[in-house]
Ligand SMILES: NC(=O)C1=CN([C@@H]2O[C@H](COP(=O)(O)OP(=O)(O)OC[C@H]3O[C@@H](n4cnc5c(N)ncnc54)[C@H](O)[C@@H]3O)[C@@H](O)[C@H]2O)C=CC1
Ligand SMILES: O=C([O-])CC(=O)C(=O)O
């Protein structure tokens, strides 16, 4: 039996993500939580003829408690999205507190659940969730994930003309680092099948993967950021976590994790100096079983991308940790 919970279920990502989870045969129970509209979203989805039993909760009547109790996997797309001209870090002011409070709920009501953080800025919200779980004495680094799958999905899609694959998801295009601008580092030297990016297209492609989010923010022109592609990516990651938890072998997904708590992670910490980092992770019944270190084989160009990434990432991580350790005055 798998109980999945979506926190922020009525939003632009929350609704299509909940639809995909409701339609999935891997989910037996789906609880939706948001500060608005969950009764309507849940009623709508409940007419779909799939297995998952669906419930919707609001904050009143201990809604968060009821949504989270018994959860196996919790996906968090709660929080505000960007408008043109904003960076993901500009979302910190509002989203930091939202993620902190929802993580407190996870710590209290379902401390063993796999927790997948989508809310931006991921580079800071995952450290925030980790601090909250640590403070409650229930932090298990193998079970807390920042969702960076959309970067990989974009990299697979944007390189399709070179991979030549009719199904771009059959390519492996690793993307490491964090989830914002220069902290996103695609490793085109380590793609599979072994295709080449022409030198005159390299910089533009790196830029497109790093700033793919901005492309959508600009096109939506004030109406938000990526929601449908994010729901696809978030579902892909959630599905992988569930499949691996049920014993499927060889499930690997890039994700932003606390490396010292994952086998193989210390090596990457030594090389980068950062403890939170996105890298391909082998998933298993307990969550993140092994962090795969791709840094040994990177090119000079990728090394310079990585340097810029680490600089930005350090500040983002510290900002998240500090927010919980020394909360700003209310
Ligand atoms: N990790 C990634 O790759 C991506 C992350 N995002 C981020 O995902 C977040 C959500 O984006 P959208 O769905 O487009 O925004 P949205 O505004 O459409 O939806 C957010 C939902 O969160 C709800 N919410 C606000 N406070 C809450 C609380 N305390 N508890 C529960 N729910 C709460 C809102 O009521 C709303 O329904 C944003 O922070 C965005 O930047 C977006 C795309 C990709
Ligand atoms: O760009 C944004 O703000 C939303 C996001 O994280 C993405 O699309 O990668």
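Quick reminder: no glycine exception, Cβ is built from N, Cα and C everywhere.
Those TrEMBL annotations? Automatic predictions, nothing curated.
The active site, proton acceptor annotation in TrEMBL covers 179. TrEMBL lists 8, 9, 10, 11, 12, 13, 14, 34, 95, 118, 119, 120, 230 with the feature NAD(+) binding site. Taken from TrEMBL, the feature substrate binding site covers 82, 88, 120, 154. TrEMBL lists 3-146 with the feature domain 'Lactate/malate dehydrogenase N-terminal'. Marked as domain 'Lactate/malate dehydrogenase C-terminal' by TrEMBL: 148-324.
For the domain 'Lactate/malate dehydrogenase N-terminal' (3-146), the DSSP-based tally of helix, strand and coil residues reads 66 helix, 26 strand, 52 coil. Here residue 82 (substrate binding site) is compared against the binding-site residues 8, 12, 14, and the shortest C-alpha distance is to 12.
Proximity of the binding-site residues 8, 10, 14, 82 to ligand 2, judged by a Cβ distance under 6 angstroms to any of its atoms, singles out 82 in sequence order.
Checking the binding-site residues 8, 10, 12, 95, 120, 154 against ligand 1 with a 6 Å cutoff on the Cβ atom leaves 8, 10, 12, 95, 120, in sequence order.
Annotated pair residue 120 (substrate binding site) and residue 14 (NAD(+) binding site), C-alpha to C-alpha distance, rounded: 14 Å. Residues within less than 8 Å, Cβ to Cβ, of residue 10 (NAD(+) binding site) and separated from it by at least 6 positions along the same chain comprise 32, 34, 36, 37, 38, 40, 41. DSSP assigns the residue listed as 'active site, proton acceptor' to coil in the three-state reduction, outside any helix or strand. Among the residues the record lists as binding NAD(+), namely 8, 9, 10, 11, 12, 13, 14, 34, 95, 118, 119, 120, 230, the two farthest apart have Cα atoms separated by 18 Å. In this structure, the CA atom of residue 8 (NAD(+) binding site) is 18 Å away from the CA atom of residue 88 (substrate binding site). Its own atom aside, the Cβ of residue 82 (substrate binding site) has 20 Cβ atoms within 10 angstroms in the protein chains shown. Summary: among the binding-site residues (95, 119, 120), the fewest other C-beta atoms within 10 A of the C-beta are counted at 95.
As a whole-number mean, the pLDDT of the domain 'Lactate/malate dehydrogenase C-terminal' (148-324) in this prediction is 97. Counting in whole angstrom, residue 12 (NAD(+) binding site) lies 17 from residue 88 (substrate binding site) by their C-alpha atoms.
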